[in-house]
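In what follows, a structure is listed as C-alpha cells, so that the remarks can point back to it.
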Amino acid sequence: MDPSDFPSPFDPLTLPEKPLAGDLPVDMEFGEDLLESQTAPSRGWAPPGPSPSSGALDLLDTPSGLEKDPGGVLDGATELLGLGGLLYKAPSPPEVDHGPEGTLAWDSGEQTLEPGPGCQTPEVMPPDPGAGASPPSPEGLLEPLAPDSPIILESPHIEEEIPPLATRRRGSPGQEEEHTQGQPQSPNAPPSPSVGETLGDGINSSQSKPGVCTPTAHPSLPGDGLTGKEIEKPPERVQKRSERVRRAEPPKPEVVDSTESIPVSDEDSDAMVDDPNDEDFVPFRPRRSPRMSLRSSMAQRAGRSSMGTKMSCAHCRTPLQKGQTAYQRKGLPQLFCSSSCLTTYSKKPLGRKTCTFCKKEIWNTKDSVVVQTGPGGSFHEFCTSVCLSLYEAQQQRPIPQSGDPADATRCSICQKTGEVLHEVSNGSVVHRLCSDSCFSKFRANKGLKTNCCDQCGAYIYARPGGLGPELLFHDGQQKRFCNTTCLGAYKKKNTRVYPCVWCKTLCKNFEMLSHVDRNGKTSLFCSLCCTTSYKVKQAGLTGPPRPCSFCRRSLSDPCYYNKVDRTVYQFCSPSCWTKFQHTSPEGGIHLSCHYCHSLFSGKPEVLEWQDQVFQFCCRDCCEDFKRLRGVVSQCEHCRQEKLLHEKLRFSGVEKSFCSEGCVLLYKQDFTKKLGLCCITCTYCSQTCQRGVTEQLDGSTWDFCSEDCKTKYLLWYCKAARCHACKRQGKLLETIHWRGQIRHFCNQQCLLRFYSQQNQPNLDTQSGPESLLNSQSSESKPQTPSQTKVENNHTVRTPDENGNLGKTPVKRATPSVPTPPPPPPPATPRKNKAAMCKPLMQNRGVSCKAEMKSKGSQTEEWKPQVIVLPIPVPIFVPVPMHLYCQKVPVPFSMPIPVPVPMFLPTTLESTEKIVETIEELKVKIPSNPLEADILAMAEMIAEAEELDKASSDLCDLVSNQSAEGLLEDCDLFGTARDDVLAMAVKMANVLDEPGQDLEADFPKNPLDINPSVDFLFDCGLVGPEDVSTEQDLPRAMRKGQKRLMLSESCSRDSLSSQPSCTGLNYSYGVNAWKCWVQSKYANGETSKGDELRFGPKPMRIKEDILACSAAELNYGLAQFVREITRPNGERYEPDSIYYLCLGIQQYLLENNRMVNIFTDLYYLTFVQELNKSLSTWQPTLLPNNTVFSRVEEEHLWECKQLGVYSPFVLLNTLMFFNTKFFGLQTAEEHMQLSFTNVVRQSRKCTTPRGTTKVVSIRYYAPVRQRKGRDTGPGKRKREDETILEQRENRMNPLRCPVKFYEFYLSKCPESLRTRNDVFYLQPERSCIAESPLWYSVIPMDRSMLESMLNRILAVREIYEELGRPGEEDLD
C-alpha cells in the first residue's frame, strides 16, 4: 500500500508531539491509575464536561463537535457520539474503590456493544470523565506511590472487540510489531495490551468519516456530582527531558566531537545515556512504525477479537488471579506477579533478530523481509531485500566438489562444522573461523594485533577523512572503539564511583584524575585543584593555616594549596584556587601550564598535537599530559603506536618518533639513503638533500632552499625583526611555531608571544559570552524571589556551570481553563566555545594513561652485566709453632725477564745500529761479573776527568795573569755551554737597581761598561762576533750550488753553535721593579694616571710573579709606554723588546707557564709593543754590520721558537721564512701557500761522499720574479733565484725542514692543496695531543704584521740577508 493512501494525520512527519502509552504524568507514581489512561494529550488532562443525571449520552445539537484539532485527536465521548448521530445506552459503570494505598479495585463484567446502522465492527472506547460520569478527583490521581507499588486486580479478564479498520499507535516505547493472527505473542510484548486500549481515553481511536458511526461502550468512573476541587483542572503536566527522549523516534547513532564539550545537567545526561543499574532503565526497542499495512492491521484486530484478554505475568507467564497484587515498573505496561519476577525480567538481555545472510542485527523492522526459502523450506528473516536476493543467489550457486567437505567448513579453533564467519590469511594458510569468540581466541593465540573494537569485536575500517578509531586509555591499556556508541557503552559498563582522596567528593572514574606516588600507589582526584593540593601536602610544604590568598577569608576543611615560584598559597575553596591561576602574583608575564595549571615565567615546553599548541612548565608535565590525553602516534622507525616523543622534518615531511634511539636510527638510515648530499639545514633544522651552500666569515653553511638561506642571512646580519615587538636587531630566542621559525629579542618577547597566542581577550566581544567570562563559575544560585517568571512558565536560573538555563516550574492555574501557550523557541547560543570552556578542563581528562611503565617493559633498558674478576689480597692465617720449630718464610728473588723493545729507525741508521751492537758485543765480555767491573771502572774514570776539567777552568778564571791564554783558547768546544751558564748565573747576581741595558751593551763596542768587562775578557762577547757567519740554509743561485754543497758538511759542525750572549732576565725584572717604585714613589697616583680594570682601580705589584693575568697585561702595556733609562732617557724599541723577553724567561723559570707574546690574555700588551716596534729601524755600525740587542738565541731561550704551542710553531715558521726566504713584509708572507712551498730531497756529492740533502723550496709567483729577471734568455734562466731552506742535521731540534713537516701534520688535510693560504689560525680548544692544531681559517693581516715586527727586531735576520749572493733579492 502506498503511504499516500493514509490521511495526513498518520504521516509520521506530521504527527504531533504527544505522550505515548505507558508514560504517566510526572506527579503520578508507579501503579496509580494504571488502567486509567495509556495515552494523554500533550496539553494535559481533558477538562470535565457536564454529567447527565440519567447516565445516558445525549446527541450533539450542533455540528461543532465535528471540528477536530490538527492532530486528528477527538477529546471526549460527546464528540465521538456526534459523529455517529445515534444514541447508545451506556452500560452501568463498574464500582471503583480507591483503597488506602491508592490501588484501583474494580469488578469484572461483560461489556456488550450493539452496532448501529451503517457502522462497522464496534470498538471499545476508553472511559471519559466527561461522558456522564464524574471523574476522579485530582488529588486521587496525583497521589504519589512508591516505585513498584502493588496493584490489586479484581477482574483480570476483559474481552475486547476491535474494528478492523482502526489504526492504532502502540504506546509503549520500543515495543515490537504484533504477530499476525494465529501466532502467539512474544514474551517481551505486553501481556494484555487491550487493557490499556479499553480503559484509556479516546485519543488512540481512529478517525471516522462523516456518515460512519463509531459506537462505544465505556465504563464511567464513580461519582454522581462534581465538587469544586474536582472541577478544577489538574496542574499542567511537566514532562522531563528523559521522557521526551524515550518517546522520540528511534535514535540514530550520533557522532560526538570529542573536542567540543556541551554543558549538560545530570538530568540531561541520564536522558541521553541510560544506565542499566538505574531502577527506571528501559532497554532500547525500536518503535513500531505508525504506517502499517492494512492487511497486517486487520489480521491483528481479528486475532485480538478472537482471543481473550486474560492478563498474566510478563516473566513467568502465570495468570493473574482476581484480587492478586500486581507489580509494575514505571513507564512500562508489563505486569508481574512478584517483585522477583519484576527484577529478573528487568535484567533479561535484549533480544534482537539477526539477518540470515549478513548476520547483522535487524534494527529497522519495517524494512525486514520474512520468506520461506532454503532447502528445508523454513522461514528466514532478512534485514533488506538485498540480503534476500544475495541469499537466494548463494543457494542457487553450485557447491564446489572437494575431497572432504567437512574439513572445508570446519572452524580452525573449535573444530566445529558450520558457517564460516571470518577467514584469516596467515602466511600461506587460510584459517576459517565460525564466530567472533573464535576470532578473538585466534588473535590471542597467534599474537595478532588486529584493528578490532574492544566493545563489539567488529573490525574497525578506515574512517573517511583519514580519521582513526576512537581511543580510550583505561587501566593502563589503550582501548579501540569503532564509533562513539561503543565508546559510550564501554564507559557505561566500566563506570565506577570513587571518592576523591582530597575532598571526598564522589565522582565517576572516567571523570577523575589519577596520580601515582613514589611507592606506586594510585590515587584518584576529582580535579586538578585537589591533585595539586595533595602534591603540596605530600611534599611537606604546608605551613600554619593562614587566610585565603585570594579572598582573605578563613580557611575551611579541607583547604587547598598551590605552589608558584617556591611560594605556597592557601585557598578556602576550589573557586578561589581557579581564579588565582588567572592572576599574576608578581605582575610580570606568566604562562599557565596546561597540565598542572601553575604559573611560570620561564621558557615553556611546547607540544603540537592535533592542530593545537600546548604549553607546559617542565618536561615532566609534558610527559604526564601525553599519557593523560593519549598523545599516541605511529613511530616512523619501529612502526609501533607509542607515546609521541618528538616530531622532526625529513625532506619537508614531518615524521613522529617514540624515543631518541628511533630518531638516531632513522636519521642514520636516511643519511645512508641520500649519501654525501644529505645535510641538516642550518635554518629550519630539517634533514634533507643539500640545496644551497653559503660561505661567510670563514664558515660554511648548508641550506635546504634559497628561502632558508635568505632568512638565515637576515638573522645572522641582525636585519630580521622580532615577531613580538617588531624590532630589528640581535635576536636571541628562536622557536619552531606551527612549522615556521620565529625569532625574538629575548625571553620577555617570547613569553609575550606565547601569552598572546593562547589567551584571547574575550571581554572585548559583544554578547552574553562576555558576561560569562567576567562572572565566576561558582556563583550562588538565585533565590526564588529574585527569579523572573516569564510567559512560557520557565525560570532562568544559573546551572552548575554558571550559565542561565530554563527550568520548568509548576504553576497553579485558576478554575477557568486557558489554552496552553506555544512551545518556547530554542535559545540561541552565540559563543558555544565560551560556554563550554569551564567544562573542558574537567571533562577533557577522562582517565589517566599509565602506559609509560608498561611500554618501557618491552624494551631492553637494563644494561648488560659483565663479570670482571678483580684480584683481592686475602690474609690467610697460618698456624705457627711459636718459634720452636722452623717456619717457612716467603722470600723474594728477582728473575730476569727478556722484554722485546721496538726501536723506530730508518734504512740509513739501521746499519749503524747493527755496527754499534757488534761493537758492544766485542767490548762487553761474556762473563757478567767482568762486564760490571769494567762499567764501574769507566764511570769512575769519567768522573775524575770531569772534576779535573772543572777545577782547571775555575783556576783559569781566577787567575788574572792568564788573560792572554784565554784569548787563544778555543771556547767554541763543549765547555762553552758551561761557561755561558756560569755567566748567566753571575749576571743574576748583579741585581742592582741602577742597571742600564743600553749602557752595558752600547752600539759602539768601545763604550762598554767596565762592570761587564770580564764577559769580553772571557771571550763571551766581542765585536768580531757580530759578523760571525753561521752555516744555516740561505737563498743562493744555481751557479753556487756545488760550492754551497761542498762547504755544507764543513759548516754543519758550526751551525748549532751560538755566537751571542745568553738572555739576562735580570735587566727586565729590575726595570719592572724600578718602574713600579717610581710610579708609586709620591704616594697614590691621580685618578687619571692609575690603572683601571673595569670599574675598579688596579695597583701594580713590584713582584711580577704576584700579579694576575689582567694586572700583568695592563701593567706591561703601560710599562712599554713609560719605561725609561736611569738617566731619564727613552729606551730604544729593541731594548724594550729585550726587557720583555727577560720578563718572559723569568716567568717560565719560576713555573709561571704563560706566554705574554701569544696568549690572548695579553692582547693589550702585544698591541702596545707592536706600536713601538713598527717604527724601529736597525742601526748600521761603522763596520757595515747591523746592531740589535735581540738575538736569535734569546728567542730560543724564552721559548718563542719551537713547537711548544700552535702560535709558537707559527712564529718559528715565519722566522725561518723571513730569515732564509727574505720575506720582510706581510704581503710577501701572504703570498706563501701549500703549493708553492715544497719539500724536496736530492743527492749531492761532497768531499766526504754522496749524501742525501732535504730542503724546502719556495717558488715565488711570477709577478714577484718579473722585476728581478732582466737579462737575456739563457742568462735569465741561469741567474734565476731559488729560495731554499736546507735541513740542519747537526741539530734536528732547530731544523726548518722538521718544523715544516710537523706543521703539515697538524693542518687539515683538505687545505694541503690550496694555493691561497699558508698561515692558519690555531684552534682555540686544542691541546698538545690533538691530531689537528689549526683550523681552516687563515691568519689575518694584523696578526701577521705583529709577529713580523717582532721577528724583524732580531739581529740574525739582517746578517743572513747581508751575505754574498743576496744582493739580487733587493
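The count begins at 1 with the first shown residue.
Here the Cβ of each residue, glycine as well, is placed from N, Cα and C on the backbone.
The structure displayed is predicted, hence computed values, not measured ones.
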Can you check which of S269, S346, S846, S950 Swiss-Prot annotates as phosphoserine?
S269
According to Swiss-Prot, which residue among S265, S776, S1056 is annotated as phosphoserine?
S265
Which of these ranges is annotated zinc finger in Swiss-Prot: 71-106, 431-466, 1079-1114?
431-466
Swiss-Prot annotation (zinc finger) - matching range among 159-193, 299-333, 334-368, 1244-1278
334-368
Including all protein chains shown, what's the count of other C-beta atoms within 10 A of the C-beta of K322 (SUMO2 cross-link)?
12
Assigned element (helix, strand, coil) containing K330 (SUMO2 cross-link), judged by DSSP
coil
Would you say which of the recorded sites K310, K330, K921 has the most Cβ atoms within 10 Å of its own Cβ?
K330
Based on Cα distances to K322 (SUMO2 cross-link), point out the closest of the recorded sites K310, K330, K921.
K310
Quick note, K310 (SUMO2 cross-link) and K330 (SUMO2 cross-link): C-alpha atoms separated, nearest Å, by 22
For K921 (SUMO2 cross-link) and K330 (SUMO2 cross-link), the CA-to-CA distance in whole Å is 123
